[in-house]
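Undergrad: What TrEMBL records for 68-194 is domain 'TFIID subunit TAF5 NTD2'. If you look up TrEMBL, you'll see 249-314 marked as region 'Disordered'. Residues annotated as compositional bias 'Basic and acidic residues' in TrEMBL: 253-275. What TrEMBL records for 417-449, 459-500, 501-542, 543-584, 585-626 is repeat 'WD'.
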Amino acid sequence: MCFGTGDRKISDIGDSVKEDIHRRIFQQEQQNKNNKNSTSSITATDVSLSDPDLAKQILVFSQSESIPTLYHDGYSKLRSWTYSSLDLYKHELLRVLYPVFIHCFMDLIAKSHLQEARAFFNTYREDHEMMHSRDLTKLEGVLSPSHLEEMEFAHTLRQSKVNIKICQYSYDLLLQYLHKTQSITMLGIINEHIDFQVSPGQPSSISDDAEAFSLVGSGQDAANLINQKEIHWGLLEDSLEDRLDKAGGLLSDSEKTEGEGKEGELDENKKKSTEGGKQGGPLKKLKKDKVVGGAGKAARGEGEKSTAAPRVKPELTLPTISTDVEHSILEDLRNRVQLNNSTLPSVSFYTFINTHNGLNCSSISHDGSLVAGGFSDSSLKVWDMAKLGRMGSSVLQGENDENTHGSNNGKRCYTLYQGHSGPVYSASFSPFGDFLLSSSSDSTIRLWSTKLNANVVCYKGHNYPVWDVQFSPLGHYFASASHDRTARIWSMDRIQPLRILAGHLSDVDCVQWHMNCNYVATGSSDKTVRLWDVQTGECIRIFIGHRSMILSLAMSPDGRYMASGDEDGSIMMWDVSNGRCVTPLVGHTSCVWSLAFSCEGSLLASGSADSTVKLWDVNTSAKAPKTEDNKSGNTNTNRLRSLKTLTTKSTPVYALRFSRRNLLFAAGALSTNV
């Protein structure tokens, strides 16, 4: 009997167990000779005692006893011993209980002891609710042996091993317990389904528990195989940015003449500033503008990485852009502020009040002029910032404001969209602000016209609540994520999905388009992120590393990198080209609900339930993997540098958006519970 310990194997207890099996098999043979009617006979010639088959032989032998009792008593004694262990080692030993628990349950189901399995599950479920509540909810649906094969989550658990980190002394304690008690059933489960990574020295910190437990085996092997597939991560050829760059239009007219005009303006303002008072204001602003302009020029070298990205052809038929919209976008690009680690963005924060915990989601249009909120009462509300300013109000009122709150002469300060029959979980503005998508627990997606203030189309295809919906970077196409464990690709002019993306083992919680519109990324409660080819519907990347459900995704402007945020507050930066993690981002203390890259890709903004917006320096973390090209197979261990933390009073951050001019917009609901 061997336990895997990295490069080492400890087999002392295995030899003892083999001797015990020989002895008990001999006793069983003698009993079978004396009892010809015995229904269970095992001969020595039938038994192979090689290590890979040892667990199976243990379980075969135990069939002569009451199987449910073996599992129940074995786990109960292991649990009692673990909880009575020394505090220094208890938290490491407790890691063993969860995989043993779920495999005891699934083994009982597989052997058709359904009532006993249900009683076992209900008896010990509470021990694991805090760390594994979502997994337990899925396993609760396993009601027959056939479900173990049909349910992909359960099938994966049974085919894979769990990797558990443990110190040498804790490992020795476990070996001694198993040797002393001769718990054959528990020994078989541990041998078959757990790999131990034994480390010398003291036990790891209890705060490392989330990172000490991971699934290995068939899942990781499949991911490595998929991540070898070819991907074209570059930008679309002949984009508006390319045309503007070729025309030399990255500098606005004012920037081109700033060298001539600003020296004269500076001299004139110096004279005016001698008068004192507030007259010094323009001079300060002018100096700030000059600094920003200089920094912007210096940062253009960094911003050119999106320009240097390879060009690819679109796989989808892209929509045409009207001349007026194109001119508007080009104007925004000409006036874009270049950001870097010394030039941080201005931030405009929209706060919802009086929502009474009814706000589920928020979305901000690309120019920040419109803000949408999806509510639990099935309503969708849109605020026009220009109209709100003219009405003399600066707040976004929530559910109970139909009469006078935040209104002008009793008129509502927002546009109310009604049509869903359940809570609205996601909203997404089209790139040009003329359409708005919303998704709901009623399993539908609705398209609204912000010009007509009316519902245009209702898309039906998902069978369960739709958690997220996102327009593609060029509009017309959109993607959705659902509780039915699928994501779907749609176009505005068709009521049926174009592609169904299936492969996640649990809910697909968020979705994000690649910048070239050829790929879609999905984040799931199965703790993985997948990248899909929209033309074939094939999964071409699996990103494994998160310890909890994925709540947010963002793509860098050059299409090379992707950021993902999870329920624990962790953010991971991934290299799309090879599927490897570039660096983790540590700092948030709660769910990361929103992520956004600046337009040149030098900064990443993250918004969290901990009521903060954090700005991260992307360039410093991305340089090492690019130069080394990850040939060694090692990921960059440097943490991404946090540039600034913007704290709100008590407003969890629901949404972030960088405008085309690099102004950062954020939105959230004022909470009294934070």
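Placement of Cβ uses the backbone N, Cα and C atoms for every residue, glycine included.
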Undergrad: Go through the chain and flag residues at least 6 beyond the ends of the repeat 'WD' (417-449) whose CB is under 8 A from any CB in it; none is fine as an answer.
TA: 325, 360-367, 369-370, 372-382, 455-460, 462-471, 473-475, 478, 480, 482, 490, 492
Undergrad: DSSP-wise, what's the residue breakdown of the repeat 'WD' (417-449) into helix, strand and coil?
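TA: Helix (H, G, I), strand (E, B), coil: 0 helix, 20 strand, 13 coil.
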Undergrad: To what whole number does the mean pLDDT across the domain 'TFIID subunit TAF5 NTD2' (68-194) round?
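TA: That stretch averages a pLDDT of 86.
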